[in-house]
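Here's the structure, in structure tokens; my notes come after.
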Amino acid sequence: MGRGRAAGGALSAARAGGGGSRAEPGRSEALASPHSMAGLGGGGGGPSAFGRCTHAVVRALPESLCRQALRSTAGPEVDFARAEREHQLYVGVLRGKLGLQVLELPADESLPDCVFVEDAAVVCEETALLTRPGAPSRRKEVEAMKRVLESLNLNMVEMVDENATLDGGDVLFTGREFFVGLSKRTNQRGAEILADTFKDYAVSTVPVHDSLHLKSFCSMAGPNLIAIGSSEAAQKALKTMQQMSDHRYDKLTVPDDAAANCIYLNIPSKGHVLLHRAPEEYPESAKVFEKLKDHMLIPIANTELEKVDGALTCCSVLINKTSEL
């Protein structure tokens, strides 16, 4: 099939930009199933339907987030009132401006990171994979996610292997394939279970060393467009993704890694929509996004949650519900 492909159209974990060295001992076999390239684009309309969305799952902020949320570096305390305002504006854009059906879970004070719902599930078409977050303190977040996704009648897959870890923040879906970051929170076994769950798509692993998640420095900014940060680590990860893919993506390079995390949506009444970090936070990166003349651009501030490693994609699970409930 091309670069990095093993026999049967599957993808070799050992070739994934050095990802094999991060794999479990003796696990350098093909990551994706032999069927992973069959019908590339899958059963949801393929890349042309990329970004379509009908529902969003979000969760309210617990006050415990301020002092107890996990954070990669020490820094200023979260201003809870401001964090709540920013989050309410974010949810308001999804519900009011874009017309999505927003399912909002209540805060749980015993789960200080629970607002970051993205890590608890990966949803593609009509299938939801409930993850096993890499941080043990976050594993119970999956319980509420399971209940709300079951209410949408999705095909549910639970990650029960105790050797597997997977955070949704390490999963980049391009509409054609998945890239999975091998990070402190996501391991090889987690990536393998994702590949087995979404057999219609190729899955490649990408080593992530200096950031919390793969999507800490990249995301999709359009149907064929990867937004990527300018740091050496981000550019190295992009090179790995380019090497592992049979498809050529366009790239949108922004000066700030954190600003490369944006949310692209394809809303029938609105067209191409992009939620991106506000100009007052990352002015130079905002100027890059402003060059996307075909997109409806919506700046979103995320100043407070960024203090505890939160990004725009972290705070929602987006679902395109095509069948009747």
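Cβ atoms here come from the backbone N, Cα and C positions, even for glycine.
Note: TrEMBL annotation is automatic and uncurated.
Counting only residues at least six positions away in the same chain, the Cβ atoms of Asp167, Gly169, Asp170, Gly181, Ser183, Arg185, Thr186 sit under 8 Å from the Cβ of His213 (active site, proton donor). Residues or ranges marked as active site, proton donor in TrEMBL: His213.
Sequence-distant contacts of Cys314 (active site, nucleophile), defined as residues of its own chain at least six apart whose C-beta falls under 8 angstroms from its C-beta, comprise Val115, Phe116, Val117, Glu118, Asp119, Gly169, Asn261, Leu305. Sequence annotations record features per position, and here TrEMBL assigns active site, nucleophile to Cys314.
TrEMBL lists Leu70, Asp113, Glu118, Asp119, Arg138, Arg185, Val308 with the feature substrate binding site.
Positions annotated as region 'Disordered' by TrEMBL: 1-43.
Taking the centre of the Cβ atoms of Leu70, Asp113, Glu118, Asp119, Arg138, Arg185, Val308 as the substrate site, the nearby residues of that chain (Cβ within 8 Å, site residues left out) are Ala69, Phe116, Pro133, Ala135, Glu141, Asp167, Gly169, Asp309, Cys314.
In sequence order, Pro112, Asp113, Ala135, Ser137, Arg138, Val308, Asp309 constitute the residues six or more apart from Leu70 (substrate binding site) in its chain with CB-CB distances below 8 Å.
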